[in-house]
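Database features, via TrEMBL:
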type	residues	note
TRANSMEM	36-53	transmembrane segment
TRANSMEM	59-77	transmembrane segment
TRANSMEM	252-278	transmembrane segment
TRANSMEM	298-324	transmembrane segment
BINDING	ASP372, THR374, ASP790, ASP794	Mg(2+) binding site
ACT_SITE	ASP372	active site, 4-aspartylphosphate intermediate
DOMAIN	818-876	domain 'P-type ATPase C-terminal'
TRANSMEM	847-868	transmembrane segment
TRANSMEM	888-911	transmembrane segment
TRANSMEM	932-953	transmembrane segment
Amino acid sequence: DQCRNPKWPKVERNNTIKTSRYNVFNFLPLNLFEQFQRLANAYFLILLFLQLIPQISSLAWYTTVIPLLVVLSITAVKDAIDDMGYGEILKAGIQGSFSYRIKEDKWMNIQVGDIIKLKNNQSVTADVLLLSSSEPYGLTYIETAELDGETNLKVKQAISVTSNLEDNLGLLSAFDGKVKCESPNNKLDKFTGILTYKGKNYLLNHDKLLLRGCVIRNTDWCYGLVIYTGPDTKLMQNCGKSTFKRTHMDHLLNVLVLWIFLFLGSMCFILAIGHGIWEHKKGYYFQSFLPWKKYVSSSVASAILIFWSYFIILNTMVPISLYVSVEIIRLGNSCYINWDRKMFYAPKNTPARARTTTLNEELGQVKYVFSDKTGTLTQNIMVFNKCSINGIFYGMHVFLISLSPREILEKVDFSYNKLADPKFSFYDKTLVEAVKTGDRWVHLFFLSLSLCHTVMSEEKVEGNLVYQAQSPDEGALVTAARNFGFVFCSRTSETIMVVEMGETKVYQLLAILDFNNVRKRMSVIVRTPEDRVMLFCKGADTILCQLLHPSCGSLRDVTMEHLDVSDFAIEGLRTLMVAYRELDNAFFQAWSKRHSEACLSLENREDKISDVYEEIEKDLMLLGATAIEDKLQDGVPETIATLNKAKIKIWVLTGDKQETAVNIAYACNIFEDEMDGMFIVEGKNDETIRQELRYRDLRQWQFSEVNIYLTTKPQMSFRLPEEVPNGNYGLIINGCSLAYALEGNLELELLRTACMCKGVICCRMTPLQKAQVVELVKRYKKVVTLAIGDGANDVSMIKAAHIGVGISGQEGMQAMLNSDYAFSQFHYLQRLLLVHGRWSYNRMCKFLSYFFYKNFAFTLVHFWYAFFSGFSAQIALDTTYWTIISHIFTWGSLGFYFCILFFLYSDGLCLMFPNVFQFLGVARNTLNLPQIWLSIVLSVVLCILPVIGYQFLKPLFWPANVDKIMDRIHQCTRPLLPLPKRTKLKHASTRRSAYAFSHKQGFGALITSGKTMKSKVFKKKHPRETSTLLPFCSHSRGSASSFPRWLCPGKARNSKERAPRYLSELYNFKKK
């Protein structure tokens, strides 16, 4: 409800909140930027530009454009669908607004300076300064479950000067106060400001501020002035930014693609060198048949161009379809999660949901789990389980419950009590019998439970009481007292009305001694209808035992035995002691004076009030003890035990108080009674925290690289190695100490200690601190982290972790809407990690192995073909053929693969033997094994040797006609042996001149006529015969130097005198 004064300046900042990464305007550039971070996509973009250069392109440009556009489009559509899921934020909540009248408007239209009206059970839409309410003194009760996970009520109070405005629209419209406050920040428990109204200044603090995400309870209406809206609200300041999460598999693929780039470059370089050599030795003499282009000046220039031509031809080495294929497999894995019936929660009709498709294989590598407590590990339902009254134990023993499940046990019949809560269950009839028989101590015990509390009651329907408690424990105790006949009905600031066994009684409320973390107890002082002044007290057993009267010694020992030895401790129940004291009227009057003086004191007020409380809270008479079960979700202890077997560590990050968190940790098997030690960090300064963390028995303080880093603090990234403690320990740290540790120089010391503990509990944490703890582990540990929660206070750590899981529980939908995976029960986490995570990781690894094998097999065909084609950048297989084959093998193999997986994989084995199936960084760890490298080398050698041997042995044993001709050519080109000298016959006749017998006359005239040019005559006479023998020499119509050099021994240009002899030998060979 909104009141905007027209005199106020208009503020443009509205209450709109956007949690998605994209919008209509930035989707295309931002998504393309993210996609081109993948090296394969960037490579094909570069390849496209290269194909536009005609001098080097041997393939059409569309052979790259079409696959690239398909890949980018499919990925963009998937990212858009995923982001639409993240963008499902509440924007349509309706609030009334008014300017002298009531007007309704949407949350998103609320602006700073508006006055809004909130009603009971409505969520607070922005950070609002409380002005007035329907309750006395301007009180407003709120529930902060979405901020700190607590469902207990908290009280806010308006300042007195504005509480008088009440719901008067005229006065509210005329309100002209001015607020000066701090800048928007993420501190939930701090707010400072000044309200200037009617010329006076009023101090403002966080007790006057209603934060966005709170829910109004037990208050009919309230009015407030909007201080912060939209992203400036403290809730959104704690939520963190949405980041694009990339898996380790994506990083591994980028590394593999980078190595493939280098391998591709080396292949192109080798082929370019081969082309240069071939052109220099052979191609140079083929220019008349294969003339060089005008832009090719030498064999070196041709080799450079061929390098880029092969860079284009061998592009299949870099898998453009890899990412699309990976996304399709991830989509299939996500469908398996969505369709898993074992993760379907029937009571709420809620299936598991994979809200992203990019993180499936990361599930199988999770090492650290960060969990919220309230609503995540627990149902946030407190149940009165057992009690000890005047030394008598009431309730069912553990061994009896194990023999007879609760479904079989007969519940106690509370039909005698018309005001009993029908949902309450109890299984020990002896307690009801004691109540009916009028046992004095039992009646006094339940009377104290019905009076000693701060619960607010609301009767929506006659006879149907609804309790709103400041803590779940109080609600459970008051409900138990209600069912056993002591019904708390209502209260005012001065009275408490209780129906005792059907009789209505009104008790005068004299004082409330409230609970705090130091006192660990609370007390009320009442005047009974019989005019007796009674003090009732309940609190921690360790505190109340010191305040008991000496006469209660034996009863105290019996009660403590029930608490420590009996089922109370075994089941990890939350226990409280209950005691009372009857006060003398004169003593109380004197004490009341001292109490009033302490409350009005300006110096050391809290210490003085505490001293006054201790004066009256002594010599108490013990009544008994209660045991409350903080009901865990089904299967939580078993799930945590299974995850621990799989070497997965559980850290609980909660905003709840320390005692509650520790009790849950023991109940969930995070902590065990057999632990060697427990670290409790409660320091308020750096030195104290350092001493609490450096506990000498936890680890052996050897000289290590960690100690070096802690002393030197180099400015470089550092990975904290795994350290093994010498025992089994746990760590408990509160939010205040954690703030000192994170903001100081203790973060490494904290992380080092925490990582060696079996379990870690961080309590009283703000949402931002949860995210800081997750970031701390991510920064110094090379592990995969997972955060799981159910409330808005968990959104920041869900976004910070590698994987975020939201539970659709009692605290709204904020966590689920910002998560990567969502389901309804915590125990589904073990199936998500140990089954689906392992399956997804195995499928992806096997697919990648097959995919790279397929691409290498096709690409290497072109590589080897280059040696038989003169390194001319010709393709061996048509691209159409390869496209068809690729589609058949890819889609066919995927279909066949998933069908086989459906039959071969068993989810039961993963849950039964989690310590056997560990797949943490398999790709990285496997490469460290020498057996793997030996297998790779042997595989390569065994694959290559047969090919090489076949190529060498085939010409020797099975020569082809070409081989025979080539051998003959080589034999013919060898230097000829000198002809044997003829033996001259000696005649007895008279010697004559050889010159005379050779010619009748000289050839001088014939020579000078020019008719004796034998070489030209021979070359004109036999071109056809020569081309028949040597087809590759048909272009050489000049001298013998035009033949390839390998045909003519020596350098052809320096051997002209030897050419006719070789040609004649070849001619004779042809005739034969």
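Quick reminder: no glycine exception, Cβ is built from N, Cα and C everywhere.
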Considering the transmembrane segment (36-53), which listed stretch of 252-278, 298-324, 847-868, 932-953 counts the most C-beta pairs under 8 Å: 298-324
Residue numbers, six or more beyond the limits of the transmembrane segment (252-278), whose CB comes under 8 Å of its CB atoms: 38-40, 43, 299-300, 302-304, 306-308, 310-311, 314, 317-319, 322-323, 326, 848, 852, 863, 866-867, 870-873, 923
CB contacts for ASP372 (Mg(2+) binding site) [other CB atoms within 10 A, all chains]: 30
Which listed residue (ASP790, ASP794) has most other Cβ within 10 Å, given these are binding-site residues: ASP794
Averaged pLDDT score, the domain 'P-type ATPase C-terminal' (818-876): 86
Three-state composition of the domain 'P-type ATPase C-terminal' (818-876), taking helix and strand from DSSP: 39 helix, 3 strand, 17 coil
